[in-house]
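Student: Per TrEMBL, the features are:
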ACT_SITE  S192  active site, charge relay system
ACT_SITE  D318  active site, charge relay system
ACT_SITE  H347  active site, charge relay system
DOMAIN    112-353  domain 'AB hydrolase-1'
Amino acid sequence: GSGVGLSLVLGFGVAYACYYLNSIAKKPQLVASNDRFCRFLEEYCPVVTETYYPTIWCWEGRVQTLLRPFITSRPQVQYRNELIKTADGGQISLDWFDNNDSSYYPDASTRPTVLLLPGLTGTSKESYILHMIHQSETLGYRCVVFNNRGIAGEELLTPRTYCAANTEDLEAVIHHVHSLHPSAPFMAAGVSMGGMLLLNYLGKTGRDTPLMAAAIFSAGWNVFESVESLEKPLNWLLFNYYLTTCLQSSISRHRQMLEKLFDMDLVMKARTVREFDKQFTSVMFGYRSIDDYYEDASPCRKLKSVGIPVLCLNSVDDVFSPAHAIPVETAKQNANVALVLTSCGGHIGFLEGIWPRKCTYMDRVFKQFVQAVFEHGNKIFSM
């Protein structure tokens with residue numbers, strides 16, 4: 001009996017290993033029309049051409065998305081906070097990691113700087129942001145995290161928060177950071193909504209930006225498709241309802257300020273992201289309808305205008321950004337854009353290794369691309 005049981009276990013193990021190696025572990029699809037950009041990535045960011053081996057017991061997209069915040073470690077980071085004023089009387093909280101102990105770049109005036117943009121309700125405390133800072137620290141770079149208005153504990157001075165389409169605050173932050181360190185190489189990385197906001201900014205500014213390049217992770221390319229995917233029963237249960245409550249929680253602390261303009265009781269009754277955006281976000285930023293807001297917020301509509309090198313990582317099993325909505329054909333029309341599409345990874349997941357606590361595939365892409373831009377960027381800036 002024990003022999004038969006062992007044979008069954010071994011047989012299942014072999015069958016699962018074969019399935020994993022043949023169907024799960026795959027090289028990502030690299031989409032780029034510019035041969036020079038492709039060669040640059042292959043030489044200096046080789047991770048985008050290597051087989052991605054998702055965690056063998058946790059490769060499905062929804063599972064990766066759910067488990068990443070609990071599995072991955074949280075590196076210790078000491079921030080220096082700065083509050084900057086905006087033209088409309090508001091304030092933005094920036095968290096700086098100065099890396100003054102950098103042995104590679106002891107001169108702060110020329111120390112490369114990475115601006116980090118968290119996701120929809122994320123702050124500088126998110127584990128994926130902490131890992132990006134840890135990777136940057138090992139390379140000697142400085143980081144600054146752009147916390148959206150009212151999200152990181154600071155007071156909301158005006159009845160305005162943020163959205164994926166309005167780039168005014170991001171423009172103010174980029175100008176501020178660049179003015180402080182005008183001689184320092186400067187690039188940005190955005191995650192999820194932070195990536196959408198960064199893409200919308202780049203689509204608006206073209207080449208007229210102090211940023212050398214940008215990295216985008218798990219962006220929702222078409223908001224209509226994203227919310228439709230998130231409203232499917234299982235996805236609503238796992239993600240949509242929770243995300244809606246996070247949005248409501250992020251504004252409830254500022255209720256006294258916001259109820260000057262909004263029916264907060266109605267906003268707090270929302271049960272989906274779409275309902276929240278209809279009652280709150282689209283109204284705040286003056287859109288005639290939620291469809292107008294979603295059209296303006298979708299980066300796929302601005303990708304053709306991006307004027308600096310951008311690397312975008314998505315997983316095709318990401319329910320926040322369905323595979324059919326990823327603008328592959330549009331990306332091929334812009335020599336500045338490269339898409340890296342993995343078969344697994346979920347939304348900001350990309351877990352790998354047996355026990356994926358310290359480093360994800362996304363972390364490795366970030367580290368290699370940032371280092372490639374800062375140390376070898378002259379080879380792509382003439383594109």
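Just so you know, glycine gets a Cβ as well, placed from its N, Cα and C.
Since this is a predicted model, take the numbers as computed values, not measurements.
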Student: Identify, in sequence order, the residues in the chain of H347 (active site, charge relay system) that are 6 or more apart from it along the sequence and have a CB within less than 8 Å of its CB; answer 'none' if there are none.
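Tutor: The answer is G61, Q64, T65, S192, S218, S315, D318, V319, F320, S321.
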Student: Kindly state the mean pLDDT of the domain 'AB hydrolase-1' (112-353) in the predicted structure.
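Tutor: Mean per-residue confidence for the domain 'AB hydrolase-1' (112-353): 97 out of 100.
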Student: Around the C-beta of D318 (active site, charge relay system), how many further C-beta atoms are within 10 angstroms, looking at every protein chain?
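Tutor: Around D318 (active site, charge relay system), other Cβ atoms within 10 Å: 29.
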